[in-house]
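Novice: Please see the structure below; I have some questions.
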Amino acid sequence: MTDRQTDTAPSPSYHLLPGRRRTVDAAASRGQGPEPAPGGGVEGVGARGVALKLFVQLLGCSRFGGAVVRAGEAEPSGAARSASSGREEPQPEEGEEEEEKEEERGPQWRLGARKPGSWTGEAAVCADSAPAARAPQALARASGRGGRVARRGAEESGPPHSPSRRGSASRAGPGRASETMNFLLSWVHWSLALLLYLHHAKWSQAAPMAEGGGQNHHEVVKFMDVYQRSYCHPIETLVDIFQEYPDEIEYIFKPSCVPLMRCGGCCNDEGLECVPTEESNITMQIMRIKPHQGQHIGEMSFLQHNKCECRPKKDRARQEKKSVRGKGKGQKRKRKKSRYKSWSVPCGPCSERRKHLFVQDPQTCKCSCKNTDSRCKARQLELNERTCRCDKPRR
């Protein structure tokens with residue numbers, strides 16, 4: 001009697017451990033329920049070892065939301081789960097049909113689940129996360145209530161399912177998972193290869209550009225480019241504002257020069273000069289500063305050259321004579337007056353290029369600068385008395 005009780009003693013995980021299920025089924029076929037082990041429930045060294053082994057299996061599959069079942073065995077039915085948890089739940093016939101359909105489909109493996117042949121030596125079949133979450137609770141309840149509840153659950157569970165389908169399904173699960181992992185690894189491999197190819201192509205295109213940039217320092221400009229750039233055409237030139245407005249010497253302009261399009265370049269002939277053929281005015285905002293009084297921004301108009309041509313040079317001396325000479329009595333009177341003026345004022349010009357910077361006394365023929373030393377110092381410059389310009393201070 002003691003040996004039979006020991007062999008048929010139910011445990012809360014009898015549906016998870018091979019060898020225990022056969023004893024329970026044999027007792028059910030004889031019409032006898034398995035008697036509880038001495039001490040009631042899962043107690044003793046053997047039951048603790050079974051519980052520890054079950055906990056290790058559940059811990060291995062808990063990450064993936066499923067329970068652990070031995071390879072070749074069927075998943076526990078609803079009645080067996082109710083027996084392990086200490087609750088009686090009716091299982092309709094429709095539930096059995098659904099279980100058979102699930103067996104035909106095979107177990108659903110999650111990526112990263114343990115495969116057969118792992119360190120536990122068992123096949124992990126990850127099912128729904130709800131049974132796996134209830135497994136530790138069922139173990140505790142079954143250990144507390146004893147073998148009577150387990151016997152009742154064994155009688156209601158009925159004959160076990162055929163292990164052939166479950167075994168084949170458990171073998172099919174790892175194959176699908178391995179195919180999925182192989183596909184993902186191959187996809188990652190080809191993606192990395194494509195990135196390396198594109199990176200290499202990018203650097204190969206950048207290398208010739210870098211080499212070409214190094215050759216630009218020693219590049220020889222062609223003749224046609226030199227000729228077109230140097231020929232007579234409008235070019236942007238920085239023009240001093242005082243040169244355009246010589247009478248407004250009481251102001252300090254900011255900026256002191258403006259960019260204007262002016263004719264410039266070569267005509268390739270000494271008898272020709274680059275002159276504008278079309279002109280226009282442009283208005284700019286310039287800041288006018290009056291020392292010790294204030295400043296304001298005003299609009300000033302400047303002359304720009306739109307078109308330029310190379311034309312014969314004109315003799316300025318002859319042009320002046322032609323303008324002086326004329327026909328009629330009026331012109332003769334003007335010539336006489338100019339002669340008298342030249343006799344009465346024999347003073348020469350202070351400067352031929354910078355006449356607007358000097359002031360000449362007609363009686364003494366003394367030249368003085370329009371700019372003053374204080375005005376130049378206000379601009380942090382020094383007055384050059386020879387040129388009457390504000391130059392940078394010498395160091």
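Keep in mind that glycine also has a Cβ here, set from the backbone N, Cα and C atoms.
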Novice: According to Swiss-Prot, which candidate among Cys263, Cys266, Cys274 shares a disulfide with Cys232?
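Specialist: Within the candidate set Cys263, Cys266, Cys274, Swiss-Prot assigns the bond with Cys232 to Cys274.
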Novice: Would you mind checking which of Cys257, Cys263, Cys365, Cys367 shares a disulfide with Cys308 in Swiss-Prot?
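Specialist: Matching partner in the record: Cys263.
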Novice: Whole-number Å distance between the CA of Cys267 (disulfide bond) and the CA of Cys232 (disulfide bond)?
Specialist: 6
Novice: Could you give the Cα-Cα distance between Cys310 (disulfide bond) and Cys274 (disulfide bond), in whole Å?
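Specialist: Counting only the Cα atoms, the answer is 5 Å.
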Novice: How far is it from Asn281 (N-linked glycosylation site) to Cys263 (disulfide bond), counting Cα to Cα, in Å?
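Specialist: One finds 15 Å between the Cα atoms of these residues.
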Novice: List the same-chain residues at least 6 positions away in sequence whose Cβ sits under 8 Å from the Cβ of Cys263 (disulfide bond), in sequence order, or say none.
Specialist: Cys232, His233, Pro234, Ile235, Cys274, Val275, Pro276, His305, Cys308
